[in-house]
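The structure appears right after this line, and notes come after that.
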Amino acid sequence: MCKHGPGSPQSQKDEESSSRPNSPTADDSSGSYNSGEDEKLISFMTGIKSDLAARKPYYVDDWKVQNYFTVINATVYAFVIQLIPALIFAELMDRNTEGNLATAEVLMSSGIMGIIYAIFAGQPLTIMGITGPVAVLLGTSYGLTEQFDAEYFPFFFWTCLWAGLMHCISAVVGLVSLVWSVTPFTTQIFEFFIAITFLYASLRDLIEPLALGDGDARADRGAQYATMLLGLLTFGISWSLHFAETWAFFTRHIRTFLTSYNTAIAVVAVTAISFIPGIDQANNGAGGLDRVNIRFAPWDWQPTADRPWVVNPVYGIGADGIFAAMIPGFMFFLLFIIDHNVSSILTQSPKYNLKKPAAYHWDFFIVGLTFLPCAILGLPPGNGLIPQAPLHARALCTRKFETDRHGVTREVVTHCEEQRWSGLGQSLLMFVALSAFTVLSWIPRGCLFGLLLYLGMGALHGNEIWERITFCFILPKKRPAVPVVRKVKWRTVQLFTFVQVVCAGTIFAIAQFASFGYIYPALLAILVPLRSFVLTRFFNAEDLKHLDPTDETEEEYHEEQRLIRETEHNAAAEVDVVALEQPHFQEFHPGDLKKRMVHKRRHTIEKGHNIVADSMHLDKYLDEKTQEDPMVGRLAAVASSGSLHALNPSSGANDNEEKRESFKNGLNESFNNENMYDA
């Protein structure tokens, strides 16, 4: 999920207007939006009419391409980053639906939905596919067929039909605007819930087949151990390459490639390893490693289950089952109105510099229409993907790095290929994957569960709930100087985090272990009024501004993440150098010892507080000091960064001048201190 929520308005008015469904678009040349005021919650056809009027002039232009290389690269990239998770979720569905929905259905669904959306949607940069929450919902709702004595696929037909109808009606009356009521409180819990669900499912499917409590009853235990080790190896490769861009090795382009295709590289490598003699000890096709469940390889273009492609909606189901299917259908609606619209909003973030207007209401209507082929053919439904859809948009951008007057280097998008070919192309490639079932059948199942473990860890990494939990194990003075640490009492932070953990844990427990686990999207939706009407009675508004930062800008969020990662890095470096190494003479580095005398950097990301402004004279002074003493090394940069927290542009010139003089005097005193090494 998103990091600071779809309800976070941007700090700049023009950024907000380009992303809100009911606000003027970034390009008002169409004249479809004549004001920036929100529409009424219930407004028949108003949103769809405005969306169609806004996008109609651009439809022909959507099929024109300026840079074919960029579009082809984005097409392949989007296909790869969607294919690997699709295979993972197909394995989950295969297990949870007793083989009724598996790899063939997932890939065909992704292809069909993607083609429909790429051709008819207003904003084609959002790519469609199967998500983890969909796999969970399909698994938890599977038991309803037994409760109502119905065949699975007729029941599934009516589930999709009801869900699609709800999507279309909500788009027509303007309910899509409800997504702006969602705050980070809800999205953080959603992401945390998905993370622990993925972690639980992956570890369960890696460890449970070992049957450790059954003695020697399981003859293929050796193969199951090999499956587990291959899964852990897949996780290790994916997780290591995830941070390849931070390496000092290779060129920037190679590091970017390793990070972008980390899961594909891990799958190829581990699949090759699985065929090394001695690892897969299959004997005449029995007793070997479990691989991706494919009915026939090459595929015979038939469903995984023994059934016809076209579902008979009235065979094996009664009237009670037809109306009972409204329950999971409504759950799909609640899930998608958050998940899809957040994906669409993130894909059209102002940072991508899109010129064409959004079409949120019409796009959600198209999502409703995609349920129809899913119902007829018995395919799992899908919605806009996170993070694949925003990554697809980023891959279409031409970027450059600019250094501002304060010396801060930022990535700036100069142009984005806003077209339909890449979304259409990656959907067509799904049918190429279907025809390559022989290759897909080589992949060990343990490899996919290792990737699921990677997705779970990736969801935790950067999740604010998890970060606040880790803060509890950091000494107060070493916690990163983010607003929630500096401006809110720590007991209040702990209480707020406890509430979120309880909410996520409750939803997880119900979804995984209760017979009515299919209601988990409703529990997620309840979090919105819980935040708006209940938490405000227990937490004051000033604390909630930092605990649930709806007004936080993207720049502020990324600055917080930088401070947190820096804290982790510094702590790890301190352990490596100080705690683990034996003392040696070569450790004596005068320049490094002097550097330790400088106070550790402190940071602030308050709005309007520029931490590097008005520092040119101080930098010149430090440069002179460095030239006088070459042993100082990089002291100038560290000292400059460490002192700038005291320079507030909102303060008067005299105040800042006094702070500069105070720092200079302290720095000279450190240089001249004869007993500095005793410190």
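Numbers here mean position along the shown chain, with the first residue as 1.
Placed from the backbone N, Cα and C atoms, the Cβ positions cover glycine too.
Where the annotation comes from TrEMBL, it is an automatic prediction and has not been curated.
Taken from TrEMBL, the feature region 'Disordered' applies to 1-36 (among others).
Summarising the annotation, TrEMBL assigns compositional bias 'Polar residues' to 19-35 (among others).
Among the features that TrEMBL reports, domain 'Bicarbonate transporter-like transmembrane' is placed at 44-208 (among others).
If you look up TrEMBL, you'll see 68-90 (among others) marked as transmembrane segment. Beyond the ends of the transmembrane segment (68-90), by six or more residues, the same chain brings 101-103, 105-107, 110, 127, 129-132, 134-135, 260-261, 263-264, 267, 292, 385, 388, 391-392, 395-396, 398, 417, 419, 421-423, 425-426, 429-430, 433, 440, 443, 448-449, 451-452, 455 to within a C-beta distance below 8 angstroms of the stretch.
The annotation transmembrane segment is assigned in TrEMBL to 111-135 (among others).
Note on the transmembrane segment (155-178): residues 21-22, 38-48, 141, 144-145, 148, 311, 313, 317, 321-322, 324-326, 328-330, 332-333, 336-337, 341, 360-362, 364-365, 367-372, 374-376, 378, 381 of its chain, located 6 or more positions outside it, place their CB under 8 angstroms from a CB of the stretch. Under the heading transmembrane segment, TrEMBL lists 155-178 (among others).
The transmembrane segment annotation in TrEMBL covers 185-203 (among others). Beyond its flanks by at least six residues, the transmembrane segment (185-203) meets 1-6, 92, 132-133, 136, 231, 338, 342, 449-450, 452-453, 455-457, 459-460, 463-466, 500-501, 503-505, 507-508, 511-512, 520, 524, 527-528, 531, 535, 547-548 of its own chain at Cβ-Cβ distances under 8 Å.
Marked as transmembrane segment by TrEMBL: 223-244 (among others).
As annotated by TrEMBL, domain 'Bicarbonate transporter-like transmembrane' applies to 227-549 (among others).
Summarising the annotation, TrEMBL assigns transmembrane segment to 256-276 (among others).
Taking Cβ pairs closer than 8 Å, the transmembrane segment (314-338) reaches residues 133-134, 137, 141, 144-145, 147-151, 154-156, 158-163, 165-167, 170, 175-176, 178-179, 182, 186, 190, 364, 367, 371, 381, 383, 518-522, 524-525 in its own chain, all 6 or more past its ends. Residues or ranges marked as transmembrane segment by TrEMBL: 314-338 (among others).
Within its own chain, the transmembrane segment (359-379) has Cβ neighbours under 8 Å at 21, 47-48, 50-52, 54-55, 100-101, 105-106, 108-109, 112-113, 116-117, 120-123, 126, 128, 153, 156-161, 163-168, 170-172, 174, 176, 303, 307, 309-311, 313, 332, 336-337, 340-341, 344-345, counting only residues six or more beyond its boundaries. Sequence annotations record features per position, and here TrEMBL assigns transmembrane segment to 359-379 (among others).
Look at TrEMBL and you will find 428-455 (among others) tagged as transmembrane segment.
Sequence-distant neighbours of the transmembrane segment (495-513) (same chain, 6+ residues past either end, Cβ-Cβ under 8 Å): 136, 140, 185, 188-189, 192-193, 196-197, 200, 465, 468-469, 519-520, 523-524, 527, 530, 535, 539, 543, 547. Per TrEMBL, the feature transmembrane segment maps to 495-513 (among others).
The transmembrane segment annotation in TrEMBL covers 519-539 (among others).
Per TrEMBL, the feature region 'Disordered' maps to 641-679 (among others).
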Touch test for the transmembrane segment (223-244) and the transmembrane segment (111-135), at least 3 Cβ pairs under 8 Å: no
Contact set, same chain, for the transmembrane segment (256-276): CB under 8 Å, 6 or more residues outside the stretch: 77, 80-81, 84-85, 226, 230, 233-234, 237-238, 241-245, 250, 289, 442-444, 447, 450-451, 454
